[in-house]
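Per TrEMBL, the feature domain 'EGF-like' maps to 55-91. According to TrEMBL, the disulfide bond annotation covers 81-90. For 135-217, the entry in TrEMBL reads domain 'Kringle'. Taken from TrEMBL, the feature domain 'Peptidase S1' applies to 249-492. What TrEMBL records for 297, 346, 444 is active site, charge relay system.
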C-alpha cells in the first residue's frame, strides 16, 4: 500500500521541485498538495516534504571547519568538533591550558592528546616544569640532594633549622647533619632510609611529616609488586632487613621500613561495636612462619573476626610488601587472668591459616624474631615498636620505635613505681628518672626485643602500664622466658613444617 503511494507521490515531487514557479501557481501555496498528502498519508507529518521541496540542506556547504561533522536539524545544523576545536563551526580552539599549570614555563596547546604541553624554562623539566634535572631520586633516595621542597599535597617543607625541629632527632644541628644532606634549607631528604625523601611540615599547630612530591629518576618505574621476591618461609630469626635509622611511641621515632620485620598488626575484620572498630587494635611478633606471639588480653575475640598483617609500616594504606593471613587458632595461656585490671600471665599464640599452601614468606619486610634461651641482665638497652599512642594523644598510622632499658624487679615494684604489682611473669622497662619513653595502648601485644650477637630476641610482650610516658611509671611487659616451655610445646610439632 505504502509503496504504491510513494511511487505515485515522488514523480509529483520531482516535477514540483523542477519548476517551483508553476508549483506555486498551480497548487495555490501548497493548499492542494497538503490535502493530497493528508489523504494519502493521514498519519504522517508532511514537514519532511516541505523541507525536501523548499529548504536546501544546510550541511551541503560543509560549514563545520577543521574536520567537524555537520548534523542537519531541518533548516539548521550543529557541528561536532574534534578536540581541541570548539565553537558553532569548530573555528575556535579550546584553551586546554586553563586546567593545567606549567610552573616554570609556558603552556602550549597541541592538536594531539593530551592537547597541551609545557615548554619549560632552563633547567626545569617536563611534564610540568617543576623539577630540575637533579630533582628525582635513585633507590630509596637516601643519597638524594636535590631541591624539591614540597609534599604531595602541595604543603611547603619546614626548614631543617626551624625551632619546631629542635626536639626531634633530625634537624640541622644533629651530629653529622651534612652527611645526610641536612642543613640551612628546606629541601626533602631521607636520613632514616625510608621509602623515599620526606620532610616536616606544620599542620594544625602540630609538627608532622610526609613524603615529598618527587619521583624516581627512571622514566618507567618498575611495578612495585614485583620488587620484593618472597623466598622460603623465614628460617634465620632475628635479623632485620635494615639497620638504618622517626612522631614516636612515647619518646620514640618513626621506624625505618624493614627495621622490625617480625612486627605483626592484629586487626578486626569488621567492627564489633562502637568501641571495637574495624582495623588495627594490637601488636604481635612473628616467631615462626605460622605462629605469632601476642598478649593474652588482646585476643578477647573469635578467630573468624581476626586477621594478622605482616610487613606493615603504614596503617592507612595498602603496601605492596605486606602479607595478610586469617587466624586458624587462638591459644591463650591457660592460667591467664585479670586481677583488678592487671593482666596476669598475659601471653597468647596465634596460629596463622596458610594461604596458597604457606604461611609467612621471608622478605626484607617479613622475618621472624628469635626466642631467648636465657635472661638479659638489668640495664640492657632493648627496642619497642608499634603503632601506639604518641605524645599528642593520637595513635600513629606509621610504625614507630624507641629504645628502653630493662629495670630491676626491685625498682619496678618500689612504692613510687608500681608498688608490688609485678609478679614473676612480668618486668618493666623504660626510665624511672625521667618521663617520655614508653609504649601505650595501641602497642599492646607488641614485642620488646633485645640484641645479642647481632640477633634480635623477643624478650617481652607489651602488657600494661599506668597511662603513658609518666615519670617513675615505666611500661610493663610479659616475661617471655617464663613461658618458653609452653610456647615450644605448642609450636614445635609444626615448627619444622614448610606448609
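Positions of Cβ are set from backbone N, Cα and C atoms, glycine also.
Curation plays no part in TrEMBL annotations; they are all automatic predictions.
Overlay of TrEMBL annotations on the structure.
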| residue | record | Cβ neighbours (10 Å) |
| --- | --- | --- |
| 81 | disulfide bond | 22 |
| 90 | disulfide bond | 20 |
| 297 | active site, charge relay system | 21 |
| 346 | active site, charge relay system | 29 |
| 444 | active site, charge relay system | 25 |
Quick one: DSSP breakdown of the domain 'EGF-like' (55-91) into helix, strand and coil?
4 helix, 12 strand, 21 coil
Between C-alpha atoms, which of these active-site residues comes nearest to residue 81 (disulfide bond): 297, 346, 444?
444
Contact set, same chain, for the domain 'EGF-like' (55-91): CB under 8 Å, 6 or more residues outside the stretch:
47, 109-111, 113, 115
Residue 90 (disulfide bond) versus active-site residues 297, 346, 444 - nearest by Cα
444
Rounded to a whole number of Å, the separation of the Cα atoms of residue 346 (active site, charge relay system) and residue 444 (active site, charge relay system) comes to 10
DSSP puts the residues of the domain 'Kringle' (135-217) at 7 helix, 19 strand, 57 coil
DSSP on residue 346 (active site, charge relay system), three-state: which is it?
coil
Collapsed DSSP category at residue 297 (active site, charge relay system):
helix
In whole Å, how far is residue 297 (active site, charge relay system) from residue 444 (active site, charge relay system) when you measure between their Cα atoms?
8
